[in-house]
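The transmembrane segment annotation in TrEMBL covers 12-32, 38-54, 66-86, 106-126, 133-150, 231-248. According to TrEMBL, the feature domain 'ABC transmembrane type-1' maps to 62-252.
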Amino acid sequence: MKTKGKIFADIYIFIVLLTVLIPLISMIIFSFNQSNSLIVFTGFTFNWYVDLFTSRSLREPILNTLLVAGISTMAAVILGTLGAMALSKQNRLFREVALSVNNIPILSPDILTAVAFFVFLIAFGIERGLMTMILAHISFSTPYALLAIYPKVRSLDPNLLDAAYDLGATPGKALWKVVLPQLRGSIVAGAAIAFTMSFDDYIISKFASGELVNNISTYMYSQSHGIRPNINALSTIIIFIIGIKVILDYVNLRNKKHEEE
């Protein structure tokens, strides 16, 4: 028989989940609405999903988002991996100072990073656009990638490289065949964090890109006073993709536990 405390905890969790899920469920339902109304459901249609791929005004922000997130993620992972490997070879004082500096953009509010990058662009007379957005995303994504990869680099056996060199491997081959496979899990984690941060960012994107270039975040914000249901359709697709990723991660985790047992 459940105690009163257990019942209260279950009710509380249910209310919290309901509060979180109701807006998402409402958004998903109205992504299939025939009319532009976000309040009254008038009929079922897939037109807003078709509109995602036919509307140029929305297609461009989607492509920009994927392009910026893809390039910035690759750059952040490369820089983060090389930075983590370089830091692991330094003395303790240098590592602590470098990691503290690396944590500054992570701990700082996004608005400070955005304003700092904006002032930098203005000071050097650099015109804002897609390229400056990419550079801005690389600059704030790299610290997250380094933070995810560095602990694994520190835990590597230092004798691995020596053994590879003794067997005739070149530095490049030793890195590719010996070190990177050991870092694969942390690199994937760093890439996932960097991609998510880039995909979700609004403030830094707005300050770095100006008025002519939009990603999904800046486009959605510009529609905040008159949202069309195609935004609901886009959000539904994003939620669906995230849901699949969570399920796959859960299945992989269970499989690993079964293998270990």
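Just so you know, glycine gets a Cβ as well, placed from its N, Cα and C.
For the transmembrane segment (106-126), the partner stretch with the most Cβ pairs below 8 Å, chosen from 12-32, 38-54, 66-86, 133-150, is 133-150. Ranking 12-32, 38-54, 66-86, 133-150 by CB pairs under 8 A with the transmembrane segment (231-248) puts 12-32 at the top. Long-range contacts of the transmembrane segment (66-86) within the same chain, counting only residues at least 6 positions beyond its ends with a Cβ under 8 Å from a Cβ of the stretch, are 102, 130, 133-134, 137-138, 141-150, 152-153, 179-180, 183, 187, 190-191, 194-195, 198-199, 205, 215. The list of residues near the transmembrane segment (38-54) in space but at least 6 beyond its ends in sequence, with Cβ under 8 angstroms from a Cβ of it, reads 29-32, 62, 227-230, 232-234, 237.
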